[in-house]
Amino acid sequence: MDISSVLQGGYHHPLARTWQGRRQLTKSMLMYPIFITDDPDASVEIASLPGQRRWGINKLEGFLAPLVKKGLQSVILFGVPLKCEKDMRGTPADDPSGPVILAIKKIRELFPTVYIACDVCLCEYTDHGHCGLLNADGSIDNSPSVDRIAQVAVSYARAGAHCVAPSDMMDGRIKGIKRGLIDAKLGNRCTLMSYSAKFASCMYGPFRDAAGSAPSFGDRKCYQLPPAAKGLARRAIQRDTTEGADIIMVKPALPYLDVISDAAELAPDHPLACYQVSGEFAMIHAGAAAGVYDLRTMAFEAVDSMIRAGATLILTYFTPEFLDWLDN
């Protein structure tokens, strides 16, 4: 055997194996998605998302305190309004007494070290369930949608969010939000994380169950990216970096590792996030429950693939487990 053929000496030991990765998962790379509802005392199990719940603001201290003690450093909030009156403009999205703004203030008060991101979209708050405002024929009216989404983002930033993360995929919304933050004198106090390459995936089902955000008609294929559209994803990433995004995100993660890799190439000076979406999480749980693999082993393998592709920030429902697993 030729000398250059012998590789196993470099990874024969468990510690040496960790050195073979260019980057290792750390607690600071984890952002935990949590669902906040408008029942302040809610703690409601989400059947399609194992171990996840909808939380009311009065339950946040008991829920988050043990996680913060274990090393939780960041969360992203999703509003789940169940009592409000929805309308075509998504008016409840930035209601000062709504679940997201109340949760921002509560978490800032209880856990001042926790970094708070907020998903910015209208779908949970519109009566039609789409991510923007509509024309008379039911198609997206892009410009007023961008204006409304920017208003919501600025409202979250004013309430104390450290980061706003628009997930709507409207054209030009990054520029619109950035201008809104600057005009509100918040441009240098709030991170703008863009869902730059968000695909029209079948893997959002459990999330839509959790957030009650399924569209009442049609689908989102005219604004979320086609799954095969690699070139379009690259263009969207480049557009959002030019428009002022501070962090780039790819969503979903596991089926789009090539796009994560492309984003790392196209935006090498930006933090790169990926979202291990609800369907990925549920799929890994289902395989483990069926005895196909060990849950912990598969969870690490999936996230390691994202890091290998170039991700530096992982949004995952496995965050509570990883906080334990990374200590053992």
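Note that Cβ sites are derived from N, Cα and C of the backbone, with glycine treated the same way.
Because TrEMBL annotations are produced automatically, they should be read as predictions rather than curated entries.
Feature annotations, reproduced from TrEMBL:
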- C121, C123, C131: Zn(2+) binding site (BINDING)
- K198: active site, schiff-base intermediate with substrate (ACT_SITE)
- R208, R220: 5-aminolevulinate 1 binding site (BINDING)
- K251: active site, schiff-base intermediate with substrate (ACT_SITE)
- S278, Y317: 5-aminolevulinate 2 binding site (BINDING)
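Structural mapping of features recorded in TrEMBL.
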{"residue": "C121", "record": "Zn(2+) binding site", "Cβ neighbours (10 Å)": "26"}
{"residue": "C123", "record": "Zn(2+) binding site", "Cβ neighbours (10 Å)": "22"}
{"residue": "C131", "record": "Zn(2+) binding site", "Cβ neighbours (10 Å)": "27"}
{"residue": "K198", "record": "active site, schiff-base intermediate with substrate", "Cβ neighbours (10 Å)": "26"}
{"residue": "K251", "record": "active site, schiff-base intermediate with substrate", "Cβ neighbours (10 Å)": "24"}
{"residue": "S278", "record": "5-aminolevulinate 2 binding site", "Cβ neighbours (10 Å)": "24"}
{"residue": "Y317", "record": "5-aminolevulinate 2 binding site", "Cβ neighbours (10 Å)": "26"}
Listed recorded positions C121, C131, K198, S278, filtered to Cα within 10 Å of K251 (active site, schiff-base intermediate with substrate): K198
Between K198 (active site, schiff-base intermediate with substrate) and S278 (5-aminolevulinate 2 binding site): CA-CA distance (Å): 14
